[in-house]
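Notes follow once the structure below has been shown.
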Amino acid sequence: MDEDSKPLLGSVQAGEYYTDSLDPKQRRPFHVEPRNIVGDDPQERVSAEAAALSSRVHYYGRLTASSDPLLVPPDHVIPSPEDIYIYSPLGTAFKVRGGDSTAKNPSIVTIFAIWNTMMGTSILSMPWGIKQAGFTLGIIIIVLMGLLTLYCCYRVLKSTKSIPYEDTSDWEFPDVCKYYFGGFGKWSSLVFSLVSLIGAMVVYWVLMSNFLFNTGKFIYNYVHNVSSSDAFGTNGTDRGECTQGSIIITGLFHTAALEKQKLQTVVDLRLLLCSRLTYSSRKFIACNWNTLSTLSVVYLIFLVTYKAIRLGFHLDFHWFDSSTFFLPEFRSLFPQLSGVLTLAFFIHNCIITLMKNNKHQENNVRDLSLAYLLVGLTYLYVGVLIFAAFPSPPLSKDCIEPNFLDNFPSSDVLVFVARTGLLFQMTTVYPLLGYLVRVQLMGQLFGDHYPGFLHVFILNIVVVGTGVLMARFYPNIGSISRYSGAICGLALVFVLPSLIHMVSLKRRGELRWPSAVFHSFLVLLGVANLFGQFFM
């Protein structure tokens with residue numbers, strides 16, 4: 001009776017590979033043993049098993065016409081990609097070289113690729129985010145948000161594995177959303193992905209305007225021998241409580257605030273004239289921006305360390321009450337930090353692609369966890385050191401700017417190098433972000449990545465115009481990051497990965513109430529994170 005109940009095509013071991021009737025792509029019981037691989041000796045013969053395999057494949061191929069799929073060779077007689085050979089009439093087998101296997105990366109490269117991709121402009125807003133949440137609560141939120149976004153990213157990575165009877169080897173997360181939720185899932189993932197990209201482009205434009213302006217001020221001060229302290233300050237901001245104290249720069253910005261705004265507008269217009277967003281391909285990327293990004297982050301870490309050593313730590317713990325120079329450890333504005341962190345830890349829309357290039361697929365979860373650990377430690381290091389080293393007194397901790405580089409004067413040489421490097425990096429990456437926006441939007445609307453010059457020109461006017469207006473009237477990269485992060489994170493970080501996992505378990509009959517409660521909590525957390533940006 002037991003034998004009768006067993007399936008005819010069960011899971012059996014065949015050499016190095018296993019077969020499973022439920023997954024057609026895994027039914028590969030035939031392979032060529034390593035000793036049958038022809039090396040440098042072209043006269044080495046293959047075994048009878050290898051010859052039989054070749055004959056069987058050719059037999060299936062000749063049973064019917066190539067255009068008729070009725071008798072195509074089934075998957076279980078096709079060897080795996082690493083065991084594909086060219087068989088000669090003499091009975092020798094030559095292994096096929098090249099293919100995707102040559103593009104695989106070791107784990108260390110994959111880890112730092114993820115770290116490098118996530119290390120964006122959010123690192124400049126970490127001290128400001130900790131200020132908004134409070135020092136102690138800010139550290140706790142960074143750790144918790146790192147763990148939550150890591151888990152949601154893990155769910156995205158595993159989402160393609162839960163789909164039966166489908167070849168998901170080339171699928172991305174929008175394809176998974178379409179499989180479970182139809183057109184609504186595909187379009188929702190597209191829209192929220194565009195929000196993250198356009199939000200990043202706006203932040204980049206604001207920072208490029210800022211960096212170019214301060215670079216010009218450095219050159220002006222150098223030419224006219226204008227000297228100033230290299231300590232913390234407000235770099236010309238007009239907040240009264242942040243313009244007192246012995247270390248505040250005086251006479252650095254002798255022009256009025258209106259003049260500064262006019263200059264920034266001119267900078268924006270010049271950047272607009274130099275924009276290369278209308279190119280029809282990615283060939284305008286002439287340098288390796290990954291290397292630039294890595295060098296920029298490493299230099300920022302060096303800069304933060306150097307400044308912290310020079311200034312020392314200035315901390316005074318007030319758990320719930322603020323003082324003249326210090327803030328409470330727990331503040332009600334903490335959702336602003338969680339919004340920034342949602343964008344800072346966001347890599348969910350491209351994690352499947354990044355992990356496909358990992359050489360050891362069995363280590364994907366470990367490598368993803370290590371990458372998130374490095375990202376979290378980097379954010380903590382920069383945020384904590386800048387907040388702790390901010391000189392209080394004479395300045396209040398509330399004077400920390402959304403871009404912590406704005407707390408340094410334009411004449412600071414080390415900060416000038418940082419701004420110049422970041423400016424060069426962002427002018428390189430900005431067209432790439434525009435290209436990704438165009439590819440995603442135009443590809444869905446018109447079925448062509450470049451439907452015409454007029455379409456692309458109008459899109460660029462809208463995107464670049466948004467950046468110019470924000471740089472002119474609301475150049476707060478912390479707030480821009482938290483709004484865009486909370487909006488895109490609602491769908492791509494919290495809601496869609498959780499719903500897909502619960503639906504997948506439901507269809508298999510494996511959904512249990514602890515899992516349903518936890519993933520429903522993640523959905524509510526994403527909604528609360530978004531509403532918190534507007535009401536707290």
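Each Cβ is built from the backbone N, Cα and C atoms, and glycine gets one as well.
Automatic prediction, not curation, is the source of TrEMBL annotations.
Features reported for this protein in TrEMBL:
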COMPBIAS  22-34  compositional bias 'Basic and acidic residues'
DOMAIN    110-219  domain 'Amino acid transporter transmembrane'
DOMAIN    292-529  domain 'Amino acid transporter transmembrane'
REGION    1-38  region 'Disordered'
TRANSMEM  108-128  transmembrane segment
TRANSMEM  135-157  transmembrane segment
TRANSMEM  187-207  transmembrane segment
TRANSMEM  292-313  transmembrane segment
TRANSMEM  333-355  transmembrane segment
TRANSMEM  367-390  transmembrane segment
TRANSMEM  413-433  transmembrane segment
TRANSMEM  453-474  transmembrane segment
TRANSMEM  480-504  transmembrane segment
TRANSMEM  516-535  transmembrane segment
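The stretches the transmembrane segment (480-504) and the transmembrane segment (292-313) do not meet in space: the count of Cβ pairs below 8 angstroms, excluding pairs fewer than 6 apart in sequence, stays at fewer than three. Remark: secondary structure over the domain 'Amino acid transporter transmembrane' (110-219) totals 97 helix, 0 strand, 13 coil, with classes taken from DSSP. Listed by sequence, the residues of this chain that lie at least six past the ends of the transmembrane segment (187-207) yet keep a Cβ under 8 A from its Cβ atoms are 120-121, 124, 173-174, 177, 181, 268, 271, 343, 346, 349, 403, 422, 426, 429-430, 433-434, 436-437, 440-441, 444, 463-464, 466-468, 470-471, 475, 477, 480-481, 483-485, 487-488, 490-492, 496.
Among residues of the same chain six or more beyond the transmembrane segment (516-535), those with a C-beta under 8 A of the stretch's C-beta atoms are 148, 152, 335-336, 338-339, 342, 482-483, 486-487, 489-491, 493-495, 498-499, 501-502.
The transmembrane segment (333-355) shares the most Cβ pairs under 8 Å with 135-157, out of the stretches 108-128, 135-157, 292-313, 367-390.
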